[in-house]
Amino acid sequence: MSTPLNLSRVFKLLVVVLFFQSVHSQLQVGFYTTSCTLAETIVKDEVQKAFFRDPGVTAGLVRMHFHDCFVRGCDASVLIDSTSSNTAEKDSPANNPSLRGFEVIDKAKARLEAACRGVISCADIVAFAARDSIVLTRGLGYDVPAGRRDSRSSKASDIPGNYLSRHSMSTTSLNFSQTRVSHKKKWLLSLDPSLDPAYAAQLKQQCPQGNTNANLVVPMDPASPIVTDASYYAGILKNRGLFTSDQTLLTNPATANQVKHNARIPLLWKKKFSAAMVKMGQLEVLMGNAGEIRANCRAINS
C-alpha cells in the first residue's frame, strides 16, 4: 500500500530559495522537437493513465520533482535505487516510504527508450511529469525547458538541510508557494489549539484517541484534496490549517498579507506557482557532457 503524501509543505522553501539563487542554465523549450518528437506526449500519456488509476499520484510526481531539484540539482538522483554499498536519496527517511510515483517514471522511460533510445533524460521526464500532474489537477500549464542530463550518483547523506522532511516545522518556512494537489495525509500530530472548533471536532471523529490503525488518513485540504489551487490559503483564514506551522502564517504581518492576497486572487497564485516551478526546474542542472542519459532511471549506466 502506498503511503499518503504531505504536499502542504513540499514547497515551503520554494519561493525564498528561488529568489536568492540565480539560475544559469541554457535549457530549451522544445529541446526534443527533432530528436524525439513524441517525448512530452509519451510522458503525458503515462501520467494521465496513472492519474485515472490513482488521482493522488500527481501529488507524488510534483513532490518528486521538488525533492530531486533541492538535492544537488534537478538531475534525477532521487530515482536511483540503493545498493549494498550505498543508501540512495530515495531511501532517506525524508523520502521513504512517503515518496511515490516511481513506477510512472519507469513506464514513461521504457516507452521513450523504445521510441528514441538514449535520448531522453530521466531528469527531463520528472520535470515533464510534474508539469503534467499540475495540469491534470487543474493548475496552469507551462512550457518546460529541457536538456537536463542525469547524475551518476545518489546519496541519502546529501539530503539533510536541503528540504523539509515530514516532521519539520519552522515559522521561517511560511513564506512560500504551496501546492494543493495532495490527496491525503497520515494523522501524525495532535490537534492544534488554534484550529476552528468545528474542524477540530471533525478531525477528532476521523482520528479518535487510541486508534491503532497505522493506515488511517485524513484529507489535508478537504475543500479540494486533488486540485492545484489556492484553497489552502482560504482554509488558513478560517483557521483550518492542519498543521501548527500552517496557522503560523497568520502570526506575521508579511505572511498574513500573502495569505489574504492568495486567497483573494487565486488565479494570480496559480500563475506565480507555475513560474516558480519553471525556475525550480533549472536549479543546478547537468548539461552538455556532464552526467549521462540513463537507460534505466533506477541505475547509473554501466
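Note that Cβ sites are derived from N, Cα and C of the backbone, with glycine treated the same way.
What TrEMBL says about a protein is an automatic prediction, not a curated fact.
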Member of Cys69, Cys74, Cys116 annotated by TrEMBL as disulfide partner of Cys36: Cys116
Among Cys207, Cys297, cysteine joined to Cys122 by disulfide in TrEMBL: Cys297
Proximal residue to Cys74 (disulfide bond) among recorded positions His67, Glu89, Asp229 (C-alpha distance): His67
Environment of Asp68, Val71, Gly73, Asp75, Ser77, Glu89, the listed Ca(2+) 1 site - residues of the same chain whose CB lies within 8 A of the CB centroid: His67, Cys69, Phe70, Arg72, Cys74, Ala76, Val78, Ser151, Ser154, Asp158
Distance [Cα-Cα, Å, rounded] between Cys122 (disulfide bond) and Asp75 (Ca(2+) 1 binding site): 8
Residue from Cys36, Asp221, Asp229, Cys297 whose C-alpha is spatially nearest that of Asp68 (Ca(2+) 1 binding site), among the recorded positions: Cys297
Of the recorded positions listed as Arg63, Gly73, Ser77, Glu89, the one whose CA lies nearest the CA of Asp221 (Ca(2+) 2 binding site): Arg63
Candidates Cys36, His67, Cys69, Asp229, Cys297 (recorded positions) - the one closest to Glu89 (Ca(2+) 1 binding site) by CA: His67
